[in-house]
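Enquirer: Have a look at this one.
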Amino acid sequence: MTLRIGVVGAGGRMGRQLIQAIHAAEGVELSAAFERKGSSLIGSDAGELAGIGHIGVTVEESLTDRADNFDVLIDFTRPEGSLEHLACCAAKGKNVILGTTGFDDAGKAAIKAAAEKIGIVFASNYSVGVNLVFKLLEKAAKVMGDYCDIEIIEAHHRHKVDAPSGTALSMGEHIAKTLGRDLKTHGVFCREGITGERKRDEIGFSTIRAADVVGEHTVWFADIGERVEIAHKASSRMTFANGAVRAAKWIADKKQGLFDMTDVLDLNNL
């Protein structure tokens, strides 16, 4: 049976990549596409927007009125919009792949509450490679973390509105959890002026925003005389789109629960 997927933010960079990925994947179809109220793209053919030709799926405005047209919704938009979409899907019993970043604590609580009614995959990054890196970071932290300085450097395109990236924060959280630290108290997100010596238990973050960088993350485990670097560089958003489609297939038969790509890829059994 073909899985019907809906995409919100269909006219954005990520939305178009998602449409392409769904079109190319087996066992799924794009059955609904949505854009924000007042968008000039409403009424357009989603396939033509994504550059794959006419597919007969019209970009619409109202998610609520068209929720019966999809089985799983993929959302890579903004926190305020994503929470509205999530509430609609929870009311309609539709599972969600959530790739939006930048949620505050209240937003994260709303996601957890919705997961009591529907299945949700919530991940900061849907790249298979990045999620493998998360696992490698845990192993490196276990071996080196208490004996070295840890720094996370991330770079993205000039249009990204949040910093550090959700992926960088997830990397920090994986490391902090492994070391028994709290990222809220051990994370250092800005250094300026006379900062004093670096504390050994800090987890530092550095952010770069430039041009059209898709996404690059490098983590240093730096000791005196040697440094281990674990890095991931994305050259195309298609890697994120393909991962999201893979997650949509995985979540299709789940009744409820909050999951991430570790669950989708079964990384805990590596």
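Note: Cβ is positioned from N, Cα and C throughout, glycine not excepted.
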Enquirer: In Swiss-Prot, the residues GLY9, ALA10, GLY11, GLY12, ARG13, MET14, GLY99, THR100, THR101, ALA123, SER124, ASN125, TYR126 are said to bind NAD(+). Which of GLU29, GLU35, GLU80, GLU84 is said to bind at that same site?
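Expert: Checking GLU29, GLU35, GLU80, GLU84 against Swiss-Prot: the NAD(+) site match is GLU35.
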Enquirer: May I ask for the distance between HIS156 (active site, proton donor/acceptor) and THR167 ((S)-2,3,4,5-tetrahydrodipicolinate binding site), taken between their Cα atoms and rounded to an integer number of Å?
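Expert: Computed Cα spacing between HIS156 (active site, proton donor/acceptor) and THR167 ((S)-2,3,4,5-tetrahydrodipicolinate binding site) is 11 Å.
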Enquirer: In Å, rounded, how far does the Cα of GLY166 ((S)-2,3,4,5-tetrahydrodipicolinate binding site) sit from the Cα of ARG13 (NAD(+) binding site)?
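Expert: Roughly 18 Å, rounded to the nearest whole number.
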